[in-house]
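Residues annotated as transmembrane segment in TrEMBL: 216-238, 282-309, 315-336, 348-370, 382-409, 440-462, 474-500, 507-530, 550-576.
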Amino acid sequence: MTARLEFSYKPGDPVILYVNKVGPYHNPQETYHYYTLPVCRPKEVRHKALSLGEVLDGDRMAESLYNIRFKENTERQTLCKLTLSEKEVDQLREAIEELYYFEFVLDDIPIWGFVGYMEESGFLPHSHKVGLWTHLDLNIEYNGDSVIFANVSVKDVKPEPLEEGGGGAGHGVGSGGLTVTHTYSVRWFESTLPHSRRAERLRDYSFFPKTLEIHWLSIINSLVLVVLLLGFVIIILMRVLKNDFARYNVEEDGSCDDLDQGDNGWKIIHTDVFRFPPYKSLLCAVLGVGAQFLTLATGIIVMALLGMFNVHRHGAINSAAIVLYALTSCVSGYCSCSFYTQIQGQRWVWNIILTSALFSAPLFFTWSVVNSVHWWSGSTQALPATTVLLLLGAWVLVGFPLTVIGGIVGKNRAGNFQAPCRTRNIPRQIPQQPWYKHTAVHMAIGGFLPFSAISVELYYIFATAWGREHYTLYGILLCVFAILLSVGACISVALTYFLLSGEDYRWWWRSVLSTGSTGIFIFVYSLFYYHNRSNMSGLVQSVEFFGYSLLTAFVFSLMLGTVSFWASLAFIRYIYRSLKMD
């Protein structure tokens with residue numbers, strides 16, 4: 001059957017109801033095809049053509065037996081009559097006891113409901129009742145010739161009891177069998193909401209618990225704290241720098257190499273501060289991939305603000321992320337190879353390969369483990385072979401070539417490294433540093449402050465990513481993203497100054513690690529969220545949650561490490577350029 005090109009029907013036109021998936025209520029990513037349960041199904045199952053985003057989201061839509069006609073009410077229509085074996089009854093019992101819900105799709109509108117009903121009461125004697133919903137009331141709202149909203153209800157409907165071992169309240173058939181008749185009713189209701197605004201109706205629906213309430217007050221509170229923090233850091237730092245400049249620039253004459261070696265502080269290490277770090281290729285790869293994800297995150301947020309991720313467009317954000325990741329690969333190649341050439345790196349081919357594999361290799365490994373678990377359990381989250389080949393082809397034919405092209409362009413256009421001071425051949429000995437200037441302490445400080453700036457919003461992001469809500473507050477998200485980057489940059493500058501004031505010039509990797517450690521705090525928060533803020537459980541859900549939480553933390557580390565490095569480099573160039581050196 002060909003898909004309609006417009007959302008319009010005539011009275012009596014068939015409205016296709018697709019069955020999609022089922023799964024435990026508390027495990028959003030553990031989903032199975034609806035027809036894996038012993039339910040009514042056509043003799044020949046016909047699947048709907050899905051987009052890449054829908055497949056990645058675990059959708060597996062297939063046509064159902066429901067006969068729905070536009071604006072035509074139906075009462076107690078028989079869907080099918082099933083004779084269930086004892087094994088099938090036990091399968092349904094287990095699904096109901098695990099709070100399985102189902103998802104149908106009608107005109108791109110998701111419809112949710114529970115497979116059955118479970119009741120436990122009393123302690124002595126203890127009663128445990130499990131019932132299967134064999135009748136569904138489909139309530140559909142329309143406006144003119146279009147469908148606005150749809151849901152199912154089981155009000156005033158008694159569930160079919162599923163007794164232990166397959167016996168069923170006088171419906172026993174053979175040895176432990178059960179005969180059930182599935183029926184449905186369709187009721188149409190006129191709505192005043194236009195089709196262009198029907199997404200509002202879906203957002204107001206509350207089958208799943210509402211957790212994404214407006215939280216401007218929390219964001220404003222975080223914003224005020226962050227502004228005060230940044231103002232404090234900037235004012236204190238500028239006053240200290242002013243005193244440093246006044247002390248160091250007492251001598252009006254003198255060159256960079258003739259500065260008074262009797263002084264202490266950051267001036268005395270001017271011949272070492274621009275000494276290139278070890279592991280140049282890895283550092284540049286981190287900066288390149290971090291720049292790529294900064295571009296990717298900004299692009300996703302801007303697209304969301306433009307309204308491109310409508311709640312009725314299943315998996316649209318997944319498709320956009322895949323496309324943008326492939327297209328922004330040129331950014332990582334360019335930034336990495338350009339800076340690698342500036343700091344006199346010689347193995348630029350290896351640098352490009354490392355840049356392309358820095359995130360894609362951990363992603364492939366994590367996906368392989370998660371997908372294998374989903375495949376073993378029969379979950380719809382396991383990607384089919386065609387989708388795997390499509391994604392692999394996108395990386396091989398688009399992502400990797402763009403990384404190479406960006407790297408070559410960056411290498412050819414790279415200029416000289418702009419250093420205000422010459423670097424001597426013999427490195428200066430670094431004095432013993434107090435405990436509060438060690439790398440671990442700086443990572444704790446530099447990671448906690450940016451994390452505290454986003455901790456409020458992080459809960460809502462987790463509730464969206466690991467729940468079923470649709471995030472719509474993209475304006476707030478943009479503000480929080482800007483706050484995160486600003487805090488990371490300012491904290492990195494402050495920590496870099498404290499490091500240099502102790503005559504320690506090993507700031508290159510320290511600037512990346514100090515703020516990049518925010519990813520560690522995010523992963524620790526994910527552990528807290530899993531155990532204290534969610535009801536997720538089981539191997540399938542746990543592997544997916546912790547696998548992709550690790551990747552998310554890694555991405556945040558790359559982005560914030562990149563921002564903090566460039567902020568520190570700009571700050572160091574500024575203070576040494578401001579010294580009176582001829």
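Each residue, glycine too, has its Cβ placed from N, Cα and C.
Curation plays no part in TrEMBL annotations; they are all automatic predictions.
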Under 8 angstroms, Cβ to Cβ: which one of 315-336, 474-500, 550-576 has the largest number of such pairs with the transmembrane segment (282-309)?
315-336
For the transmembrane segment (550-576) against the transmembrane segment (315-336), do we get 3 or more Cβ-Cβ pairs below 8 Å once near-sequence pairs (under 6 apart) are dropped?
no
Folded-back contacts onto the transmembrane segment (507-530), same chain, C-beta under 8 angstroms, at least six residues removed:
273, 276-279, 283, 286, 439, 442-448, 450-451, 455, 458-459, 462, 466, 488, 491-492, 495-496, 499-500, 536, 542, 545-546, 549-550, 552-558, 560-565, 567-569, 572
Relative to the transmembrane segment (382-409), which of 315-336, 348-370, 474-500 accounts for the most Cβ pairs at distances under 8 Å?
315-336
In the same chain, who gets a Cβ under 8 Å from the transmembrane segment (315-336) while lying at least 6 residues past its ends?
51-57, 59, 284-285, 287-289, 291-292, 295-296, 299-300, 303-304, 308-309, 351-352, 355-356, 391, 394-395, 398-400, 402-410
